[in-house]
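K.L.:
Okay, handing you the structure first.
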Amino acid sequence: MDLEEPRHSDNGECCSVDGIIETYVGGFGRAQLFQVAIVALALAFDSQHTFVTIFTDAQPPWRCTNANTSPEKEICTAQSSICEMDPRLWEWEGGREASVISEWNLVCADTIKAGFPALFFFMGSLLGFIILGPLADSWLGRKKTLMLSSVILSVSGIATAASPNVWIYSILRAFSGFGRASMGTYCLVLSTELVGRKWRGLVGFLVFFSFTLGFLSLPTLAYFTRNHYSWRSTYVYISILPLAYPLLLLPLVWESPRWLLLRGKSKEALQCLREMAELNGKVLPEHVIIEDSSSTENQTDSALSRLWTTKWARIRLMLTMAVGFGMGLIYYGMPFGVGSLHFNLYLSVTFNALSEIPAAIISTVLVANAPRRRAILVLTIMSGMFCFVCVVYSMDSFNTEKSTNWEQMGAELGAFLSAVTAFNVLLIYCLEMFPSSVRNSAMSMMRQAANVGAIVSPVVVVIGRSNTVVSFGLFGIGIIVSGLFALGLPETQDRPLYDTLENQECEEALLPQKN
């Protein structure tokens, strides 16, 4: 479909935001690159706070002290159980401060408490999606909501380092989850709404890559500080930059012109586009005005209300959320569950983090060239098949003393890589299916569904500690079933972005349907 031709009025040339970006600003130039580079940093902070518990809440190794204090002359060996020995016969390597588990002794009868911080974190994220997500579509906007989220994430992270017990620690983790809930949504929406349609895949890659860098930094930080610093120091390190970020860098980026237009701020929207055009070495003529479609939609209703009361949007959103649930189950569950593979923890997490790089590259190519619906369906089936391969290698007939578990680790990486790629495509797919007036809310609802999958994943991981066959089997079934819901979604490849629900419904009715 060609770009909509500019319309002329008595006051000047009337163009849509898409038309102005493509014609006068440039689809992707220095301005957009500057915007994406700064905005995407938030996702690095998001990934660090999301996956930090892989190390801070891990059970560290222990060793015998050879103390002869037991009246029964009990002997400590490497095969002994710490739950059945005199506590004076063994000690944690690296000291009690090495992790949350060792400091508060969350083992044996208190093992269940070790899962509370992750559970509270994702429950806080769920609440954050509900409260913070709609703010970005309503009065606060994308940019200010991102600034608020960054401050909450940083302050709660620093406070977490001072936790006196597991209960306060869990509550503060919930606040961190609340702050990071929709950061990925803000970043993706704030970046993609300022570029031409053919550049969305590249922008998605840059945003996803920032998340990968944050994830990849964790095993490096944890490895080099494992013998010298406590888990409390780790939280301080990953919380300092998110506090400086909204104060020093975010004020430099532009608010979304689409959001400004929907709030009746057409002059501010034009000024943003004019500044971007100037940075790109182009000129936005003074006679150009933005086509204002905001009056066709009731702006007094909340974005979520408009989503759920519009039939086609409601059906589309529910199907997207069903797909997102399976993505969240795998995406968050597998990194937390790699410890059950009896593989080196640092290497496992590093491999999973590194797999996000090819995932970002593959998803960029798919977004640029492939139908979204078909890509998601194929990728989710592949992920499920790799999960079933993990099940096979977890069986007793394959789990021999000679096995190095490299085959199982490879299958796990295949499942994770396929799921991450599918999730990346789904994020672009979701923002293309909904107009600017509700886009952030729709993205938040989809990520909220993924967060529900994340809440379920610790339960699956706990099962996997005693039975890997069951846990990976559940992962496989969950991702395949969720991917099938994509069959009910419309194809959006090479389609324009719309501003309102009413405008999108009318325009899509005139477009040829894609298979």
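In case you wondered, yes, glycine gets a Cβ from its N, Cα and C as well.
Straight from TrEMBL, here's the annotation block:
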{"type": "DOMAIN", "residues": "32-494", "note": "domain 'Major facilitator superfamily (MFS) profile'"}
{"type": "TRANSMEM", "residues": "114-133", "note": "transmembrane segment"}
{"type": "TRANSMEM", "residues": "145-162", "note": "transmembrane segment"}
{"type": "TRANSMEM", "residues": "202-223", "note": "transmembrane segment"}
{"type": "TRANSMEM", "residues": "235-254", "note": "transmembrane segment"}
{"type": "TRANSMEM", "residues": "315-334", "note": "transmembrane segment"}
{"type": "TRANSMEM", "residues": "346-368", "note": "transmembrane segment"}
{"type": "TRANSMEM", "residues": "375-395", "note": "transmembrane segment"}
{"type": "TRANSMEM", "residues": "415-434", "note": "transmembrane segment"}
{"type": "TRANSMEM", "residues": "469-489", "note": "transmembrane segment"}
K.L.:
Sequence-remote contacts (6 or more beyond its ends) of the transmembrane segment (114-133), Cβ cut-off under 8 Å?
P.N.:
50, 53, 57, 59, 100-101, 106-107, 145, 148-149, 166-167, 169-171, 173-182, 185, 332, 336, 440-441, 443-445, 447-448, 451-452, 454-455, 458, 462
K.L.:
Please report, as numbers and ranges, the same-chain residues at least 6 past the borders of the transmembrane segment (346-368) whose CB is under 8 Å from any CB of it.
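P.N.:
Distal contacts: 51, 54-55, 198, 200-202, 204-205, 208-209, 211-212, 215-216, 218-220, 222-223, 334-335, 338-339, 375, 409, 413, 416-417, 420-421, 424-425, 428.
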K.L.:
Looking only at the domain 'Major facilitator superfamily (MFS) profile' (32-494), what is the mean pLDDT?
P.N.:
82
